[in-house]
Amino acid sequence: MSAAKQPSVKKRPAKPATKTAGPAQACPWCGSDPLYVHYHDTEWGVPEYDNQALLAKLILDGAQAGLSWITILKKRDGYYRAFDQFNPEKMARYTDAKLEKLMLDEGIVRNRLKIKSARQNAQAYLRIMKNGGPNGEKDFSEFLWSFVGGQPIQNNYHSMSDVPAYSPEAEAMSKALKKAGFNFVGPTIVYAFMQAVGMVNDHLVSCPRHAVLS
C-alpha cells in the first residue's frame, strides 16, 4: 500500500437513496424480510465517511462473526443502547464490571470476547483520532478509505457466486487494523464491512441499487 497521503474524505456527502430495489429486484441475499430489504435498499453500499459511524459499523460487523447479519440487524437498536450510542470515549473507559454487566443484556449477542473487543476497538480508534494513521491520515475515516484510494471501488458482478469473500484491499486493511490494536477484524469481516459502508459497490449489476451507487 502506498504511503502517499490520500485525499481527505472526512466530509460526508449526500447519500443517494432515491431508487429502491424491492424484494423482486434486489440482490438475492436480502431475501424478503422487510427489515433486510429496507437495509439493502437504503443503507448497504452507501458510502459512509463519518468517523464514529464507521467505528460502530466495524464493531457490529465483528459481532456478526459466526452469525448472519440479519441477527445483528434485528439487535442493532439494542447495541446502540447498550454501548452508549457507540460513543468511543465512553466505551474506551468501560470497566471490567461494565463488560460483565453487558453479558446480561439480552438486546445484544452475549459473547464475552466480542463484548470485550468493543472496548479494545474504541481505545484503538481514539489512538488513531489523536495521532493519525500510519501513513499520515488525519483521522479514522481517512485511514480506512485510504485502502481504496479515497473512493468506492466499482465492481460489476452478475451473480452471487462472483462476489468474493475478501479482497486484497480487505486483507491489507485487516492487517493494518490488527496492527493498530483492533480485534474481530479478519479479512472476511473487513470485506463485509467494506461492502456495507460503500468502499466497494457489490450490488449485482441486475440490482437497481448498483446503478444508483455507481
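Even glycines carry a Cβ here, placed using N, Cα and C.
Whatever TrEMBL says is automated annotation, not expert-curated.
Going by TrEMBL, these are the annotated features:
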- CYS27, HIS40, HIS203, CYS207: Zn(2+) binding site (BINDING)
- 15-24: compositional bias 'Low complexity' (COMPBIAS)
- 1-25: region 'Disordered' (REGION)
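Positions of the features from TrEMBL, shown on the structure.
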| residue | record | Cβ neighbours (10 Å) |
| --- | --- | --- |
| CYS27 | Zn(2+) binding site | 20 |
| HIS40 | Zn(2+) binding site | 23 |
| HIS203 | Zn(2+) binding site | 25 |
| CYS207 | Zn(2+) binding site | 22 |
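Secondary structure at CYS27 (Zn(2+) binding site), as computed by DSSP, is coil.
Under the DSSP three-state reduction, HIS40 (Zn(2+) binding site) is assigned to helix.
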